[in-house]
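Database features (TrEMBL):
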DOMAIN    1-122  domain 'Gfo/Idh/MocA-like oxidoreductase N-terminal'
DOMAIN    131-240  domain 'GFO/IDH/MocA-like oxidoreductase'
Amino acid sequence: MRIGVIGCGGMGITHMLSLKTLAAGYDIEVIAVADVRKTARNKALEVWPGAMAFGDGLELLEAVRVEMVVICLPSYLHTKYAVKAMEMGIHVFLEKPVCLKEEDCKLLLKTQEETGAKVLVGQVVRMMDEYHYLKKLIDDKSYGKLKSITLWRLSGLVDWGYENWFRDMNRSGSVVLDLHIHDVDFLRYILGEPDRIHVNARKNSEGMPEQVITQYQFKEVIASAEAIWDNPQGFPFEAGFRAVFENATLAFNNTGKDKLIEYHKDGKINIPDLNREFQATDHTAGINISEMGPYCIEMKYFLDCLIQKKEIEVLPLVEGVGSVRLCLKELELALNCNGNQE
């Protein structure tokens, strides 16, 4: 399978590394990469030395025949390139968020329906072993019903993007659509759409949310999620959850020695064996990602869906759009300083 990668920053390199790992078992090759920055193109060619390099993604799509393209551009550019690829009959791995506007949500879904192209959204949390384990406990009711869940995603100042695009709300969607969307998407994955939400947000001097804390009501389950991305430099990236069941509490913190711990009602404490499929770590991407496992899993899933002609059930475009839409509601409430929506 001939693959192109558009956007060779931190996420682009991460996905190229996962494709390199998977190439041992799949007939795949990254034959072309594109980025406006020569330094980024050169870094990509260190991972896939035989690839052709272009200064623009549209040039890549026009000049090279690929069957699949990985789009890892700044968020505000996702729709333009994804639509073009779908119209050319190319399957798309599209990083999150799929887009930043409702009109783009509609256009992406319309284009996919008209072209039949397969699109997988990089909402990678659904593929993380700890979160997958939690979902299985919920589905199987292993420890009774889920009563509440708290999630968080905390970062130092995000200022590594090209032309500092993260710091421009029109290009990133703020912390809500860039970082918070991970936990919003996972909540939707395990619980569906919320009945009510309440948003508290802290904004900077330009009015862009830097921190968001949202409370949700999902039928019988209460939930909350916090995201912040302007902690001082040096603040370690932290993500986790605490899920309270009838008979146990499951706690996850990516910074802990024992990252995932079960606390049972009878006083027993258990460290689950997750039997990870991929153990690789890599710091090449230069961002807050080192564990490659989840990225290999989501890419492997997409390749299997394409090769075996299976429907994408876990990370389809419609789900990526649904998470953007809920985040847009939260962003509107945060900007208007009116945190309630019934």
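Placement of Cβ uses the backbone N, Cα and C atoms for every residue, glycine included.
Each residue of the domain 'GFO/IDH/MocA-like oxidoreductase' (131-240) gets a DSSP state, and the totals for helix, strand and coil are 38 helix, 45 strand, 27 coil. Helix, strand and coil counts under DSSP for the domain 'Gfo/Idh/MocA-like oxidoreductase N-terminal' (1-122) come to 57 helix, 27 strand, 38 coil.
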